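Report on the following structure.
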Amino acid sequence: MKIAFTERFYDERAKPTIPTHQKQAGFAASKLGVAGSGKNKIFVAGDELWYKKILDPSSDFILKWNRIFLFSCFVALFIDPLYFYVPKIVYGSPNSCVGTDRHLAIIVTLFRSIADLLYFIHIIIKFRTAYVNPSSTLRVFGRGDLVTDPKEIAWQYLGSDFIVDVVAALPLPQILVWFVIPAIKFSTAEHNNHILVLIVLAQYFPRLYLIFPLTYEIVKTTGVVAKTAWQGAAYNLLLYMIASHVLGALWYLLSVDRQTACWKKSCKNETGCSIKFLDCDVIPNQNWANTTDVFNKCDATNDSISFDYGMFQPALFNQAPAQAFLMKYFYSLWWGLQNLSCYGQTLSVSTYIGETLYCIFLAVLGLILFAHLIGNVQTYLQSITVRVEEWRLKQRDTEEWMRHRQLPRELQERVRRFIQYKWLATRGVNEESILQALPADLRRDIKRHLCLGLVRRVPFFSQMDDRLLDAICERLVSSLCTEGTYIVREGDPVTEMLFVIRGKLESSTTNGGRTGFFNSTTLKPGDFCGEELLGWALVPKPTVNLPSSTRTVKALIEVEAFALQAEDLKFVASQFRRLHSKRLQHTFRYYSHHWRTWASCFIQVAWRRYKRRRMTMYLSMSESFSSMRSDGSNGEDDHAPKQNLALKIMGGIRKGPQNLKELPKLKKPDEPDFSADE
């Protein structure tokens with residue numbers, strides 16, 4: 001058996017040092033003795049055998065063992081009442097008897113022995129587990145010094161919970177069923193049942209008690225018993241089902257007892273009847289068996305009998321003690337669950353004192369369990385839907401506010417669509433408030449995990465080193481937009497730079513409202529907008545006034561993006577300006593839609609200018625050839641007037657293209673300063 005322990009070597013001559021994880025677990029320097037002192041050795045490693053090592057009560061091994069043992073305690077609480085189903089009744093003709101279900105007894109004994117073994121292992125582990133010194137003066141996070149001396153641990157355990165653990169671990173029902181009851185002579189079935197009930201219940205309460213300190217230890221180490229709301233609800237519901245299981249099994253055993261009590265009462269009033277004839281292990285007198293009227297007088301299916309079975313009438317009427325195990329078990333479980341839930345109000349009891357006390361106990365226990373356990377289940381289930389209820393209340397308040405302000409139907413629909421989309425994306429969780437409550441290093445690692453893969457999909461960021469990407473990821477915030485939302489309008493100040501992760505945006509410009517100019521493009525995942533803010537942030541001394549947007553950006557569908565605010569971008573840009581990167585400058589120009597628009601307009605103007613020059617050259621050459629042909633045919637007198645006419649035509653042709661309307665000149669975007677500081 002290999003067990004993982006926290007191990008640490010200490011030098012006898014050196015001053016001991018405390019690891020960080022041991023400080024957090026409550027180790028105090030005053031209790032850390034040298035290895036040769038033999039008094040306070042903590043988790044000595046090396047050649048020490050595993051059974052001589054001291055366990056840390058806050059270690060992972062102890063936490064896992066506590067959870068395993070807590071589960072085994074619930075299994076043991078389920079197994080013990082199964083002994084109540086061992087007695088059975090054989091209904092026959094002409095006589096009936098009370099016997100023992102040996103097959104069930106063997107199976108229950110096997111599982112009960114395994115559970116007892118785990119209880120003994122738990123006792124051994126507690127003898128080797130350190131405990132917190134209650135008189136410790138040094139406090140670290142509410143924890144004190146650990147006492148690691150085996151003798152002190154043993155004395156402390158013997159004086160606290162040792163007796164309870166030993167009583168819970170003893171195999172008393174096995175000894176009683178297989179050794180004590182068969183050895184008792186002249187013992188009746190009723191007497192044996194009473195002994196079995198007393199022994200099982202005597203051990204049941206210590207085993208039930210062990211659940212509470214185990215739960216306390218798990219809560220003290222991890223903070224909660226159940227990690228999710230569903231687990232917490234199932235944990236409390238399991239306790240309620242176990243209580244119903246115990247009450248049903250006890251009701252079954254008492255039903256067998258009431259049947260034998262009726263037989264004994266009738267047998268005493270009949271000549272030649274002996275109580276031992278009621279035992280299935282004893283062969284009765286055949287003359288008595290053929291003439292007896294005991295079983296007819298105690299027939300629960302006969303309404304004319306004088307014996308009052310009280311609340312056990314349903315079990316005996318259906319002859320549940322004679323059925324197979326599964327049938328009588330689920331029948332008894334249903335009875336326990338039904339009467340525990342309604343506090344026994346549907347029961348009709350007889351004047352038998354034991355039956356009356358049992359019903360009183362059932363009513364009180366049902367009230368307590370319903371108030372405590374079912375109340376906890378309701379609390380856990382409500383914690384699941386608390387976000388949904390908050391969202392519904394917020395939605396209702398929003399609807400009332402919109403009706404009060406008489407917003408147009410179009411605006412109301414946009415508000416509803418945004419609230420719905422935000423709920424689907426975040427489930428009502430404020431991520432920023434959660435992250436702000438964490439330490440800076442942990443917050444940075446979480447941001448890196450959430451954003452780094454998405455940020456690297458943006459080509460502009462893919463050129464940056466890891467150090468700068470960490471700084472960017474730390475300052476990115478999530479941004480959600482619904483269809484038809486305007487991110488920014490042309491001419492408005494740019495407050496953030498947006499990086500699209502999912503969805504589509506329409507980016508358009510009119511070049512400051514010029515007539516006849518319109519440029520539009522679609523931003524897809526990996527694109528960004530608000531690049532004017534980057535040029536403003538890269539200025540050595542940026543002005544207070546934010547730059548104006550040169551484009552109008554509108555969401556075409558639902559968009560999920562990361563936003564980098566102006567101040568955060570200024571900080572990131574100031575850190576990055578110390579780097580020389582022409583490659584990043586070219587990447588910015590290539591993916592910036594502002595630069596793309598300017599470049600396309602510049603190319604169009606250059607191309608049209610080139611076309612005009614080609615047309616002018618072509619017309620000039622055509623006019624020259626025409627002039628030469630005219631000169632050769634008409635003589636020298638007409639040469640000068642025709643040459644002047646050709647010059648005028650060429651002048652007109654050259655002047656004509658210049659009078660054509662050119663494209664509106666788009667201002668060249670500001671060049672971001674990617675150079676080093678001055």
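Cβ from N, Cα, C; glycine included.
All TrEMBL annotations are machine predictions without curation.
The shown structure was predicted, so the numbers you read here are calculated from the model rather than taken from an experiment.
As annotated by TrEMBL, transmembrane segment applies to 68-91, 103-125, 162-181, 193-212, 232-254, 357-375. If you look up TrEMBL, you'll see 460-534 marked as domain 'Cyclic nucleotide-binding'. TrEMBL lists 655-678 with the feature region 'Disordered'. Per TrEMBL, compositional bias 'Basic and acidic residues' is recorded for 662-671.
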May I ask for the residues of the chain that lie six or more residues beyond the transmembrane segment (162-181) and have a Cβ under 8 Å from a Cβ within it?
80, 83, 86, 105, 109, 112-113, 116, 119-120, 122-123, 126, 187, 192, 195-196, 199-200, 202-203, 206-207, 209-210
Counting only pairs 6 or more apart in sequence, are there at least 3 Cβ pairs under 8 Å between the transmembrane segment (232-254) and the transmembrane segment (68-91)?
yes
Positions on the same chain near the transmembrane segment (68-91), where near means CB under 8 A and six or more residues out:
97-101, 104-105, 108, 111-112, 115, 118-119, 122, 173, 177, 189, 192-193, 196-197, 200, 203-204, 207-208, 210-211, 214-215, 218, 238, 242, 245-246, 249-250, 252-253, 256, 259, 280, 319, 321-322, 325, 328-329, 332
Counting only residues 6 or more past its boundaries, what in the same chain has a CB within less than 8 Å of a CB in the transmembrane segment (103-125)?
55, 62, 65, 69, 72, 75-76, 79-80, 82-83, 85-86, 162, 165-166, 168-171, 173-174, 177-178, 325
Summarise the domain 'Cyclic nucleotide-binding' (460-534) by DSSP state, stating how many residues are helix, strand and coil.
16 helix, 28 strand, 31 coil
